[in-house]
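So the structure is just underneath, and the comments pick up after that.
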Amino acid sequence: MSLGEGNQSSVTTFILLGFSEYPYLQTPLFLVFLTIYMVTLVGNLGIIVVIRINPKLHMPMYFFLSHLSFLDICYSSVFTPKLLEILVMEDRTISFKGCMVQFFFVCAFVITEMFMLAVMAYDRFVAVCNPLLYTVAMSQKLCALLVAGTYAWGGICSLTLTYSLLELSYCGSNIINHFGCEYSAILSLSCSDPYFSQMTCLVISTFNEACSLLIILASYIFIVVTIVKMPTTGGLQKAFSTCVSHLTAITIFHGIILLLYCVPNSKSSWLLVKVATVFFTVMIPMLNPLIYSLRNKDVKDTARKLIITKLLSHSM
């Protein structure tokens, strides 16, 4: 079929299998994912609130961190509620339009977070390599432009990928062997030639992954060179400690993405894809606030004071 025939799709709803092949795990998984989702919301909202109320945290690094927390809330909230629903409800359907909307937002938020981590790497490069010029180099205007650029690029890429899926015809099976509208799972249901969609995804994915990793790699090469040249070990430790949390978040985020890239597109690998996607969309948003708060004294102190203040106000 030609690309123009994509609107001839007869499928109006999809059925999400989720983890239905393991019926005895449905309730335990629901409780686990619900707990993780609640921790994700509380943790990331907590990071945003802490950054807003503490003037010491009104710096570029924390400005980017607050947007990272916002993105974690967003893409976790696009996938997790539907996952929780299909674990306890017999109705596992999602409309065709709903599926495409879910894919668009997840894709947009993930690509935006990918480049937000790259922007944060550049921020650490400026802070460590040019500390005296940090506030000038990372002006409020530049920070706003960098953040706006990541959101805009994420939206453009996601719109392109969603359009490539909409141009396909879906006239056969409507069963998605996943808990959400993941790209390869949707593509496997198409009854038209998926070449255009596959090439679009390959080009965008490769470009985004390569560009974001190159920015991160270049930033940290300069950071390491600068740290090695520092005369005192105290300065070295302080400079390195500001980067450890960010490196941990990058390693987990890109590690899971590369794992998903490497998984062969076959029926035998669907379970691994689902587990990796769960980790990516459910676990990572929960881990990021823990990674950044546990290693950051200012964040921990502000959070502690906020909790004590709330407890005292309730006890009176």
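Placed from the backbone N, Cα and C atoms, the Cβ positions cover glycine too.
Unlike curated entries, TrEMBL annotations are predicted automatically.
Listed in TrEMBL for this protein:
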TRANSMEM  29-50  transmembrane segment
DOMAIN    43-292  domain 'G-protein coupled receptors family 1 profile'
TRANSMEM  62-80  transmembrane segment
TRANSMEM  100-122  transmembrane segment
TRANSMEM  142-166  transmembrane segment
TRANSMEM  202-228  transmembrane segment
TRANSMEM  240-261  transmembrane segment
TRANSMEM  273-294  transmembrane segment
Chain residues in Cβ proximity to the transmembrane segment (142-166) (below 8 Å; excluding those fewer than six residues from its ends, i.e. six or more beyond): 6, 60, 63-64, 67, 100, 103-105, 107-116, 119, 122, 183, 186-187, 196-197, 200-201, 204, 208
Dominant neighbour of the transmembrane segment (273-294) in 29-50, 62-80, 100-122, 202-228, by Cβ pairs under 8 Å: 29-50
For the transmembrane segment (202-228), distant same-chain residues with Cβ under 8 A (at least six beyond the ends): 111, 114-115, 117-118, 121-122, 124-125, 128-129, 157, 160-161, 236, 239-240, 243, 247, 250, 254, 257-258, 261
